[in-house]
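In what follows, a single structure is set out as structure tokens and then discussed.
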């Protein structure tokens, strides 16, 4: 009681008792007391509470401690707000009941960026602060024993949670599992404007880069980033490998394995459970990269440049091809014009040469005529045994100049001198020129033998058999056959010469038969059949009936003649009936001038008689058939 009185004397001053405003100051720090008695601020708060002068709102000591701890934690690394967001949070099945290990250790601002040294340091400070022995003073604030026990259990549970948090965060495997289930924004940007591309997709790549096995991850960059770095950035993200774990509610606890084989079996089962979630994670990352690749203004710009360059090359190639075609067309046109010009010049040259030759031939004929005229008197008088063949020999042997000089010399001389000049000119001829004259005479059909001219032999006319053999031989031995015309001559077998055969191919084979003799030739070539089939049917019975009908007709005509009736015009013999039937078969209804041809084929009968006989035969055939 004395101690309590001393406390009251120290605490309750006149200002406090009179209800006046008081100012309290203390030089003690807010640390936990080592004994159960209140001291410092706690002592004054307890004294005011017992006095009842001021009713402070009950404040939780833990909140004060946490606020103090937050102020203390500002000395660590910068905040990780840029790496996390409040949108699209994903939690595991029991994450609602799961404690925040980083918050317990005072690393809520660092989270997965916290290092092992920071975790150890923060754990030592938090464990020292929240140790049950340090929190014993809080039990004095509780009135009842149940409240004190509840507060004690709360303090112990908090300390155990701190220890558990340290065990999880200091173990790399457990920490990786905890970080995988930590709060994270899985949202993927789908669309944005070109001007907002880097603002939208930059934080998304930076946020998802935390899961990469390879650290540090390349940055998205900006519009001025070189294209090589941009390609490396997308190559990295298209080959992205994540360390993120996906624990399942039905997973096996590896610590409960009794042997190594059972542990491996548990690992395989856990891998199967998390495989689906892993595939979804890779699909999500791939979707992020694809969306960014499609909308990256740097790649779009390069694509447009490549497209423009490709189009430019295509146009250049097209223009080069067009120029090449135009050049080829121009060269072809020049060659065509040159060829036409050369052909034109050749034609003009040939025409000019032809005119010159024709002119020379004309002059040559003129000089030859002149020589023949001049030498007419000499030849008629047989001076020096000169004849027309000698003059022709000179005409065919001498050229224009010699003929002109010879004619000029002959015109001014007398007949005797002319004969001598002609004889002299004949003697001066070369033997080759004489042979040429002899060959020319043979070609024209005249040959001089002992001073006499033999007329050409008269050709033997070609008969029908020879003409047919010649036609067959030409078809049998076509062009290209060796010694064709000699072979055809042997095939004919009438000792015809090659010249005669060549001439016959141009004359005899090209002759057309006269229209008046066409039918005669047909009758000659006609093959008479053994039997006469009916023109109405091809059955054997019809043939027999037709023969019987024709026989009956002949018999009736004979009877009428025997009775003294003259039926010469209606009389039909067996030969005539047979000829009529054969002609009707030969000339069908569609033939032109059918009945004229039929009447011509039946000897001694007119068109009307043939028609009448045909009607009679047809009626008798139908009557017999019924």
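Using N, Cα and C of the backbone, Cβ positions are placed for all residues, glycine too.
TrEMBL entries are annotated by machine, without manual review.
As given in TrEMBL:
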{"type": "REGION", "residues": "65-97", "note": "region 'Disordered'"}
{"type": "COMPBIAS", "residues": "65-75", "note": "compositional bias 'Basic and acidic residues'"}
{"type": "DOMAIN", "residues": "100-182", "note": "domain 'J'"}
{"type": "COILED", "residues": "306-367", "note": "coiled coil"}
{"type": "DOMAIN", "residues": "564-618", "note": "domain 'Myb-like'"}
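Residue counts for the domain 'J' (100-182) under DSSP (helix as H, G, I; strand as E, B; rest coil) come to 62 helix, 0 strand, 21 coil. Model confidence over the coiled coil (306-367) is summarised by a mean pLDDT of 91. Sorting the domain 'Myb-like' (564-618) by DSSP state (H, G, I as helix; E, B as strand; all else coil) yields 33 helix, 0 strand, 22 coil.
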